[in-house]
Amino acid sequence: MSRLTCLAFPGRSIPMAVLERLSVAARELPASVRALRAVPGVDQVLVLSTCERTEVYAWWTDEADPAALLRALAGQRGLGPEPLLEHAVGLTGREAVQHLLRVTAGLDSFVRGESDIVGQVRAAVQAARAEGAVGLEVQRLVDAAVNTSRRVHRSTGAGLAAGSVASTAVAAVAGLLPDGLAGRDLLVVGTGQVAVSVVAAAREAGARLTVCGRDPERAAAIAPAGARVLGLDDLPGALLDADAVVFGTSSPERLLRAGDLGPGLSEHRSGRELVVVDLCVPRNVDPDVRGVPGVRLLDLTDLRGAAVPGRRPSAPAPAALELAEQIVAQEVDRFLHWWVDRAAAEPVRRLRADVEACVREEVARATRGLSPDLEPLVAEGIRRAVQHLAHGPTRRLLDAAAAGEDEVVALLAGLFAPSAEEDQAVPAYSPQPIGNTSNAAASATPRR
């Protein structure tokens, strides 16, 4: 399993300014996938970018070179490798499989058990498949991750905290308003999945909704009956009367700056505080908005904290969390067993084919000139002897594959089946830290 590597940049431990630069919007995924697949040795690649993380999963045809992968990612995002090395988490084999399964099940999210991530994983593999960057191995890995999420949520029920980043944002807004959200004016900016989730949570909380989008028709499509629909040009005026605004777009641009909130804002609002929540990466709201009197700004970093009124930190029931982790472990083993069978199948087939060819040659040679009644006895003796000699290498090859000993698998396949040199199904690989690079500034090893 050393052919699978993951470079992870988790939002909980990486500065927002760096995460913004690493964030890959849906429209940018094809270019990112192409750039990363162009790294020598990369056969398949998956790029997962959400408001909480950016991760790259690579399946290699030859010896893995995570340092090259990191340099390619940095270059594609217009960064040097040095800032990324400080925050990169490198995972290989079982750890990489386990990580994707935990992420997809919502167990690595700051809202434990959230299910929005499943759709994001599916979108990531769909984008990679469109670029021809998904083969059987990565597809099976994603299938395992989605199945794990399904099992976790079905098996744990209400024991695993149900919610999302959107519902957490709405709860935070309700906690900051004197009388909650019921009957208050909430402005939602965006028309994508995040905005849809915010609208649903706010509607349940009883808010009066206004949906604002670059495309008013798309805004109207997600707005519930009775909600106002506006274009982005109407945003400044809408802020004058809103009690709160939640940004949930995929735009890489700053849509709200301190200068957009003129000096008359506080006077017009008669001293009412405007709550602004930015769920976007890159951020839609410039951090300088924090300095505007009468405005309270929350971004994802704030929502991860426990000090925000209304923010209820995810606290799954211990039994549910334990069950979820058990399910992840089971599905990791299931995927690895599939991989072992696949990795060992071709070398074993070649070995057995060579054994059969050897038996046929030796039988033909040994029985030449023998009487017909002796031929079967000699042939059977030769067959048993050769198969007995081949049993040990075959068993060792299967055991090595099961233990993830790729070097041993490749060695045995080469020794006992010479044609294995032409097949790269299970190449030898010695893991190297990301920092092993000729770039002196990029010589550090990523955190584990």
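Residue numbers in this text run from 1 along the chain shown.
Cβ atoms here come from the backbone N, Cα and C positions, even for glycine.
Summarising the annotation, Swiss-Prot assigns active site, nucleophile to CYS51 and lists sequence analysis as the type of evidence. Positions annotated as NADP(+) binding site by Swiss-Prot, on the basis of sequence analysis: GLY190, THR191, GLY192, GLN193, VAL194, ALA195. Under the heading compositional bias 'Polar residues', Swiss-Prot lists 433-442. Annotated site 'Important for activity' per Swiss-Prot: HIS99, in sequence order.
Taking only the Cα positions, the spacing between GLY190 (NADP(+) binding site) and HIS99 (site 'Important for activity') is 30 angstrom. Shown in sequence order, VAL188, VAL189, VAL211, GLY213, ILE222, GLY248, THR249 are the residues of the chain, 6+ apart in sequence, with a C-beta less than 8 angstroms from the C-beta of ALA195 (NADP(+) binding site). Around the Cβ of GLY192 (NADP(+) binding site), 16 further Cβ atoms fall within 10 Å across all displayed protein chains. Taking the Cα atom of each, CYS51 (active site, nucleophile) and HIS99 (site 'Important for activity') are about 17 angstrom apart. Cβ neighbour counts within 10 Å, taken over all protein chains shown, single out THR191 as the most crowded of the binding-site residues THR191, GLN193. The record gives GLY190, THR191, GLY192, GLN193, VAL194, ALA195 for NADP(+). Within 8 Å of the mean position of their Cβ atoms, the other Cβ atoms in that chain belong to VAL196, SER197, VAL198, ILE222, GLY248, THR249, SER250. Across the fold, the C-alpha of GLY192 (NADP(+) binding site) and the C-alpha of HIS99 (site 'Important for activity') stand 26 Å from each other.
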